[in-house]
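The domain 'BTB' annotation in Swiss-Prot covers 65-132. Residues or ranges marked as domain 'BACK' by Swiss-Prot: 167-269. The repeat 'Kelch 1' annotation in Swiss-Prot covers 313-362. Taken from Swiss-Prot, the feature repeat 'Kelch 2' covers 364-406, and the record attributes it to sequence analysis. Taken from Swiss-Prot, the feature repeat 'Kelch 3' covers 407-453, and the record attributes it to sequence analysis. Residues or ranges marked as repeat 'Kelch 4' in Swiss-Prot: 455-501. Residues annotated as repeat 'Kelch 5' in Swiss-Prot: 503-543. For 545-591, the entry in Swiss-Prot reads repeat 'Kelch 6', with the evidence type sequence analysis.
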């Protein structure tokens, strides 16, 4: 039993004898076992709010205030304790032996009086009125006084105010104050609304490096590349006297090859500033070549921005299934950015195998096939159909094709009786195949690619018992072949692609990737893949090299996709193919997608 002590209000007992002011008086009984039960009472936030409210009333009436903050000549009576409790800036000022800790009036420079007024309102009430007129000054004030909650509220308010007319200015403000999230949101907003943003005054005030960052982005949201060119020219003409020398650097980020040919001739080549800028002529020449050669000529400027609806995709044509012996009819495209595979029209020659495939402009050419086929088909990427075109003069399989200067070359192969040194060239305008100078050495299953205006035939099998390490180079101007530096290894069923004036070779049941520089006639080892493969598909897409499928040491086909980035040397695995495949065609084209297109 517990006795509760209390105080009797009437100091006279019933007998008239006064008692002690504090007496023992049993009010009620409770078991001791309940003493561990505790009631933790809390009034919630209402208590702290009411205390702050009283302190704010004290501030308004200058009651108990012990410091005056002076800003731009305007005085704000405050309580040191309240300021110190809210701000580490003031806590350091008042709690250490600084001069301000002893002074009645403390002057603060570098901020606005109105911003200080709003700041103090927040300190004493937890509320602040943020507007478009005061947000910048209030942000700077809260940053100075290290009030992160108010600072973050200002940043959030700025994010909600983003508009094509102010997003660039807000991004510059965010960068200046290390607001990474806000800066990122501003940049994303500007990329998504670039055509509108480019019409406003802030765009004309961009620094060259800031403008280049936007122009270089694949995520720039436009319906056509002409919008980018026009934005650049407006920026240059806005301060033409001192911006003229920057024109070439800016145009390097404009994808001139993707402009409509009529627009390019009339508007770009017709511009007086460009006509008087010889340093830009190489960029114009690149665009003209692309208009003629299509995807044969690849550079960062030939890669479509995704918002146009077009993207570079890898198309895999046919091939053999896991254990061989069954030819696949599928034509499928792979988008490395999204990781998606999409089925296209099945190719008509799927009953054959070991045919050759290459990309011509934005279409796909398929020729030959086992046994001794001379048929040639063209896949029209716009119509998604296969069309018969002129047949080869000589049927073959285990040959290779590539495109050089707008024409298709079918090289070497096997006709069922002998290995071929025969080379044919196809002109799509006349729909005709003609023979050119034969190879120095007949080979089948070589690696073939074009680079620096010449055709390279690398390795291959000169007979059924050996492999060649020779590199045969064809010059279309002289219609002649020369031998170049030999391949560092001798393996069958290798593959080659060219990128940035260099040739890359892989496959042949080796993990190695080799690079050949035609200008130096020199080979170098540049990397390793994850597994040994032969008869794999190789294609350049978005500035990287993709190795797809192939046959391993156990003879089984693979569905692996490996990406090699020559700029960094990094090799990664990406989305697997729909099925294992080898001896397949593999090319890169531009493909339109409604999901990506911005109307």
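Quick reminder: no glycine exception, Cβ is built from N, Cα and C everywhere.
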- Message: Are there residues at least six beyond either end of the repeat 'Kelch 2' (364-406) with Cβ under 8 Å to its Cβ atoms? List them, or say none.
- Response: 292-294, 296, 315, 317-318, 331, 344-345, 347-349, 352-358, 412-416, 420, 422, 424, 426, 428, 431-435, 444-450, 453-455, 457, 476, 585, 587, 589-591
- Query: Who are the long-range neighbours of the repeat 'Kelch 5' (503-543) in its own chain, taking Cβ under 8 Å and residues 6 or more past its ends?
  - Reply: 298, 300, 303, 312-314, 316, 319, 336-337, 447, 449, 451-452, 454, 456, 458-459, 471, 473, 484-485, 487-489, 491-497, 549-553, 558, 560, 562, 564-567, 569, 571, 573, 581-588
- Message: With CB pairs under 8 Å as the measure, which of the listed stretches 407-453, 455-501, 545-591 comes out on top against the repeat 'Kelch 1' (313-362)?
- Response: 545-591
- Message: For the repeat 'Kelch 2' (364-406), how many residues does DSSP put in helix, in strand and in coil?
- Response: 0 helix, 21 strand, 22 coil
- Item | Integer average pLDDT (0 to 100) for the repeat 'Kelch 5' (503-543) | 96
- Helix-strand-coil residue split for the repeat 'Kelch 5' (503-543), DSSP-based: 0 helix, 31 strand, 10 coil
